[in-house]
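These notes are about the structure you will find just below.
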Amino acid sequence: MNFNDQQTKAINHGKGPAIILAAPGSGKTTVLLHRTYNLISKHKILPEKILSITFSRASAKEMKKRFVNNFKNTSSIPITFSTIHSFSYSILREYTNRHGIPYTLIEGNSNSINKITILRNLYYDINGEWAADEKLEGINNGIGYIKNMMIGVDDYLKENKVEINHFKEIYMSYENFKKEKKMIDFDDMLVLTLDFLKRDSYLLSKWRNKYDFIQVDEGQDTSKIQLEIIKLIAKPKNNLFIVADDDQSIYGFRGAFPQGLFDLKREFKDLSIFYMEENYRSSRNIVSVCNKFIRQNKLRYNKNIFTKNNYVSPINIVKLNTITEQYEYIIKELKKFADYSNAAILYRNNISSIGVIEYLENNKIPFHMRDVNVKFFNHWIIKDIISFLNVANNPEDLNSFEKIYFKMKGFIYKNYVDYIKTLNYDKSVFDRILEINDLSRDYRQKIMEIKIDFNRLKNMAPHEAITFIEKSLEYEIYLKENALKFGYTFDSLKTILYYLKLISAKTENLEELLRRLKYLEYLTFQSKYNTKGVNLSTIHSAKGLEYDRVFMIDLIEGDFPSSNSIDAFENGKIQLMEEERRLFYVGMTRTKNNLMLLTYSNKSEKKVYPSRFVNELENL
Ligand SMILES: Nc1ncnc2c1ncn2[C@@H]1O[C@H](COP(=O)(O)OP(=O)(O)OP(=O)(O)O)[C@@H](O)[C@H]1O
């Protein structure tokens with residue numbers, strides 16, 4: 001490989017602090033690996049004296065693999081590629097062992113006591129209702145943000161619009177609970193490591209001596225506290241080498257702090273700065289458009305990004321009528337090439353994968369997912385719908401009925417259901433209710449109607465049945481009334497129903513639907529082994545990767561950019577919207593040659609609008 005001037009300088013950089021500010025595809029990871037090799041072979045640094053910190057465990061593994069593949073006879077050298085968490089954990093373990101401090105780690109293991117369960121219970125104790133997964137994720141991110149940005153909970157609440165009831169109480173109770181039970185989570189790991197290092201000069205000097213050179217990849221997603229730990233360990237030698245692209249910072253919600261990198265200039269008078277602005281990955285069309293696109297952000301450092309690559313094909317903006325046309329378009333395009341593994345379908349939200357998987361399977365196109373995290377198949381809405389269909393097929397099924405009687409029209413009272421549970425005979429749940437004394441004529445009439453509805457439901461194919469449950473049995477009203485209470489938007493719940501209907505379209509009865517769901521779930525889990533398939537990924541998980549052809553899908557307002565960022569933007573706060581733009585940019589810059597941006601104007605029966613980013617790109 002012929003390195004350019006800046007790459008060469010960065011690769012040859014020896015002692016002293018350095019930061020590489022770089023564009024996408026400019027060879028950051030490549031340079032970091034070559035510099036590592038250079039330190040060992042030219043500067044004669046012992047491999048065990050070099051620590052390279054990566055963003056995730058997957059990227060630590062990937063780096064090690066790339067290093068061994070690139071440089072002959074390196075497979076056995078003791079070189080460390082580690083995440084900041086596992087590095088911190090080694091320090092923490094050493095301190096706690098030495099001082100006999102007991103603790104239980106409540107994240108990253110399969111203990112029955114884990115962070116999310118604790119938060120779920122505390123939320124219930126404080127708010128008197130159960131929190132949905134999305135809400136718990138919001139609390140989790142909030143706690144992470146506070147710890148990573150090293151701020152107090154009051155400052156957090158002042159600076160951010162937090163839509164979680166009693167967040168402060170939950171936060172304080174969580175902290176007290178852990179303290180009492182001697183538990184720590186991943187964020188505490190960082191807080192404690194920094195504290196132990198500051199407190200224990202023996203520990204600090206031991207770890208300072210362990211490594212002579214520290215390198216950090218994806219520096220833009222390092223949090224404030226992580227950077228503090230890294231700087232503390234790197235001192236006083238300050239052989240710190242950080243590669244970063246602030247335009248690709250996409251973890252602000254969890255406390256990523258790219259500004260910290262720019263403060264290094266003040267802290268280290270001898271800081272070397274290298275600008276790697278040549279993109280080797282993408283065609284000229286893509287580089288030029290992406291460049292103009294990211295320049296719309298205000299909170300960034302300007303770069304002069306360019307490429308010497310050829311023009312290939314213009315970015316393809318595909319505006320379709322319906323979401324199903326989107327899937328058909330992807331299938332048609334994918335079939336044009338034999339090798340699926342060069343293509344990727346990228347999306348903002350994990351749930352977007354469901355429709356794609358259904359279509360890919362129907363067309364027997366293999367797919368690969370690195371991060372299988374699809375909650376869809378176990379979603380409570382799916383369970384609800386199955387309970388409705390169970391009752392339709394077997395009206396004596398009291399178990400299923402208990403799960404849904406309050407989620408439809410008719411106001412069936414809990415004490416009626418409790419009462420009919422005590423009647424031990426084989427009759428439909430409706431007949432049992434009708435036998436209760438003192439029901440008014442109107443109420444009796446309502447129950448009769450529901451009974452007839454369930455009877456009709458029995459004879460419907462799943463797709464029609466789901467619509468009937470939604471509309472005629474008024475499950476939709478239940479969702480609408482309860483969405484916010486559970487921490488969801490109504491739209492996100494409708495989306496679950498939409499995908500369920502999509503999957504059910506070709507099934508004739510409940511049994512077939514259940515089989516189809518199980519099969520798709522199985523394929524999804526298996527897909528991580530299927531390296532020959534088309535790649536399916538969220539943009540967050542596609543960070544650092546590249547593909548010949550990229551489809552970015554579901555580019556509609558409210559999904560991408562997210563509705564939260566739109567609300568904040570309309571109230572004059574630009575940070576979230578700028579992070580959405582960076583995420584969009586990360587997605588586009590994964591492409592080598594063909595980039596397709598897909599949007600549509602109807603999802604289910606609802607009118608939707610193309611993402612503002614797509615409209616903007618159209619004008620570019
Ligand atoms: N000097 C060079 N000559 C030719 N190809 C190069 C050169 N430097 C890097 N590349 C290639 O460019 C592509 C991008 O490199 P790399 O993944 O290291 O970039 P990156 O800056 O880490 O990207 P990103 O931040 O967008 O994930 C790779 O295919 C790499 O092999």
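Just so you know, glycine gets a Cβ as well, placed from its N, Cα and C.
Per TrEMBL, ATP binding site is recorded for A22, A23, P24, G25, S26, G27, K28, T29. The domain 'UvrD-like helicase ATP-binding' annotation in TrEMBL covers 1-283. If you look up TrEMBL, you'll see 284-544 marked as domain 'UvrD-like helicase C-terminal'.
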- [ ] Just jot down the residues in the same chain as A23 (ATP binding site), at least 6 apart in sequence, with C-beta under 8 A of its C-beta; none if empty.
- [x] D245, D247, M276, E277, E278, N279, K303, I305
Task: 8 Å Cβ shell about A22, A23, P24, G25, S26, G27, K28, T29 centroid, ATP site members excluded - done: T30, D245, M276, N279, Y280, R281
- [ ] Mind checking which of S26, T29 has the fewest other CB atoms within 10 A of its CB? They're the binding-site residues.
- [x] T29
TODO: Tell me the Cβ contacts of G25 (ATP binding site) under 8 Å, same chain only and six or more apart in sequence, or just say none.
DONE: N279, Y280, R281, S282, T307, E546, T589
- [ ] For K28 (ATP binding site), list the number of other Cβ atoms lying within 10 Å of its Cβ atom.
- [x] 24
